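Database features, via Swiss-Prot:
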- 1-25: signal peptide (SIGNAL)
- Trp40, Met41, Asn42, Glu43, Gln59, Trp67, Phe99, Thr100, Arg175, Asp176, Glu233: substrate binding site (BINDING)
- Glu43: active site (ACT_SITE)
- Asn109: N-linked glycosylation site (CARBOHYD)
- Asn372: N-linked glycosylation site (CARBOHYD)
- Asn419: N-linked glycosylation site (CARBOHYD)
- Asn424: N-linked glycosylation site (CARBOHYD)
Amino acid sequence: MLNPKVAYMVWMTCLGLTLPSQAQSNDYRPSYHFTPDQYWMNEPNGLIKIGSTWHLFFQHNPTANVWGNICWGHATSTDLMHWAYKPTAIADENGVEAFTGTAYYDPNNTSGLGDSANPPYLAWFTGYTTSSQTQDQRLAFSVDNGATWTKFQGNPIISTSQEAPHDITGGLESRDPKVFFHRQSGNWIMVLAHGGQDKLSFWTSADTIHWTWQSDLKSTSINGLSSDITGWEVPDMFELPVEGTGETTWVVMMTPAEGSPAGGNGVLAITGSFDGKTFTADPVDASTMWLDNGRDFDGALSWVNVPASDGRRIIAAVMNSYGSNPPTTTWKGMLSFPRTLSLKKVGTQQHFVQQPITELDTISTSMQTLANQTITPGQTLLSSIRGTALDVRVAFYPDAGSVLSLTVRKGASEQTVINYTQSNATLSVDRTESGDISYDPAAGGVHTAKLEEDGTGLVSIRVLVDTCSVEVFGGQGEAVISDLIFPSDSSDGLALEVTGGNAVLQSVDVRSVSLE
């Protein structure tokens, strides 16, 4: 769970309803991004696939449109796009709120909470006692394939006093358990974040219930990590193939509260080795470790228990860094569109690369395509297209000194502009005139990411547009910028232009996206 003082949260409800398929124009509701029908959600929790069903849990206030009364909301999907709301999975009760955590399958029933014929699914979460403001680690389990969850009677499984020797606040700042089974050592591993202490701690267990501290990963032990990156929260950890090498590496993903490229919180990932007790980080490169250069991609986690036949590492985050400030009245926040995370060499550097899940193609329809066409200064293409839910793909060869601009959600006085500036190889999102930016000092501005042409001089940009968001993927997905926007309904135009030189458009595909 993110620190209540860190304003980067969103919302969702826990009712068994169907996700609205069209934006509610009076409240900026997105068309194809996950949101609840009312109230508050922060980051996703316990992402897991059970059979053919994807489970999404999330931090949720079921009674108000602000942070508080935090439980685990729950929704399910068979395609990661059409979601059905389910009842609250882990409730806020007896003065203990259910903060962030993760889920995992216990196939050998090492926890003893199921049986050999029906092994349990387990969920670990931070218990936050409101009266004392203390945090401890707790366990819940499901023996009906994730439909309902029961809190372990022996909670907490790691008490504040057990955390205290490893936490300078005496255990008050230990949270967000990431738990997985480490087949190499035969132990269960828990990774805990220690907020303002800028460290993670690693614990082991043979039975998922009794835990022993093993080591800490501190900022000072990571070569190249800036001391300005503070407030570590929401850890994830997994092995990831390095494409083209036949090798894998361990990855730790987390959300610092400060120090991101766009200012404030953001998600970074580092590679390293893990021996079952200690994670040793590789030296980091500040230009490649951030997964998103926008303002609105926070608290990312990945789905687990995904079959090897699928093979994808799919992540999602909450899109909101402004607490309760965004100008929505019945909800706060939304889930980023699910994206794959890979690790590969791009040019001379190893990069984390991300792309929207391919399932998006099944709910989109091409509106206009262009191919092998030169665009020159003074021309405007795509101006006949209107839409607030789009998937726009542009691949082009820019002239030296040129700037290619894709303008989305364009109106009489509003627009969000995605630029590629050839001279400094920079991808940017300009929210200066994107609509309502009065709600927060950080709501406007320009966010940038480095994006080099490929070996042939080609630049590729993909933009997911929804009612109140843009997610921009550059190149193979090595440059990503995700931002909230709040334009008027009538600002639904599109434009493709170039200045400072020509650009040869290899391909353009504008697709309309609909869950119907």
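In case you wondered, yes, glycine gets a Cβ from its N, Cα and C as well.
Values in this document were obtained by computation on a predicted structure and should not be read as measured data.
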Cβ neighbours of Asn372 (N-linked glycosylation site) where a neighbour is any other Cβ within 10 Å: 8
Shortest C-alpha distance to Phe99 (substrate binding site) - which of the recorded positions Glu43, Asn109, Asn372, Asn419, Asn424: Glu43
Spatial neighbour of the residue listed as 'active site' that is closest, considering only the recorded positions Gln59, Asn372, Asn419, Asn424 and their CA atoms: Gln59
Distance in Å spanning the most remote Cα pair of Trp40, Met41, Asn42, Glu43, Gln59, Trp67, Phe99, Thr100, Arg175, Asp176, Glu233, given for substrate: 20
Top Cα neighbour of Asn424 (N-linked glycosylation site) in the set of binding-site residues Trp40, Asn42, Gln59: Asn42
Pairwise CA distance, Asn109 (N-linked glycosylation site) versus Trp40 (substrate binding site), rounded so that it is a whole Å: 35
Count of other CB atoms lying within 10 Å of the CB belonging to Trp40 (substrate binding site): 30
Glu233 (substrate binding site): tally of other CB atoms within 10 A of its CB: 26
Cα-Cα distance linking Asn419 (N-linked glycosylation site) and Gln59 (substrate binding site), given in Å to the nearest integer: 34
Protein Cβ atoms within 10 Å of Asn424 (N-linked glycosylation site), excluding its own: 7
